[in-house]
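Residues or ranges marked as active site in TrEMBL: Glu148. The Fe cation binding site annotation in TrEMBL covers Cys105, His147, His151.
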Amino acid sequence: MILPIVAYGDPVLKKKAVEIDKDYPKLEELIANMYETMYGAYGVGLAAPQIGLAIRMFLVDTEPFAEDESFSEEEAAQLKAFKKTFINPIILEEEGDEWAFNEGCLSIPDVREDVFRQPKIKIQYQDEDFNTHVEEYDGLIARVIQHEYDHIEGVLFTDKLSSFKKRLLKGKLLNISKGKIRVDYRMRFPAMSRKR
Ligand SMILES: [Zn+2]
């Protein structure tokens, strides 16, 4: 089932999410619905707060990036194959010189800005069966993980922009929170759910 994606301005996107355990109700169904929702919106990542749940879980599938011809064959193959569910993740280390990448977010449609992040990460997480893994990633895969990880910390990519950029985007962001935007996937807008 496709779930509505929570738009910029909803307080759930600003919350620090909480850990879950294997008794979390209907977890398998929730994960399946989140994948369907992400694919339905042509996203490469989706965090639980974006469907209104402040829990520490996100999904990543970088396959759409594999179409981009700027990547080497090896990188493209890696991006094509990367699909993973991260539960209770902790970024243990981030390293390297920050690099810029033009990021977007399903909760902030039609806004894309360069965001600086470190290129390498070490992350601990649990999979769908609650087995713990520690893995290292770099490049675009690390970038998507960092973006989704920020979501469960209550941070959006727009929070990381300069105050000048933030000022320029203010009106656009306000319009998104009011639902004054055309978007071709299901969304839930904070200003609209408040008035009954
Ligand atoms: Zn996002």
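Placement of Cβ uses the backbone N, Cα and C atoms for every residue, glycine included.
Whatever TrEMBL says is automated annotation, not expert-curated.
Values in this document were obtained by computation on a predicted structure and should not be read as measured data.
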Neighbour tally for His147 (Fe cation binding site), based on other Cβ positions within 10 Å of its Cβ: 24
Proximal but sequence-remote residues of the same chain as Cys105 (Fe cation binding site) (Cβ under 8 Å, at least 6 apart): Val111, His147, Leu156, Phe157, Thr158
Assigned conformation of His147 (Fe cation binding site) - DSSP reduced to three states: helix
Cβ-centroid neighbourhood (8 Å) of the Fe cation site, Cys105, His147, His151 excluded: Gly45, Ala47, Gln50, Glu103, Leu106, Ser107, Glu148, Asp150, Leu156, Phe157
Assigned conformation of Cys105 (Fe cation binding site) - DSSP reduced to three states: coil
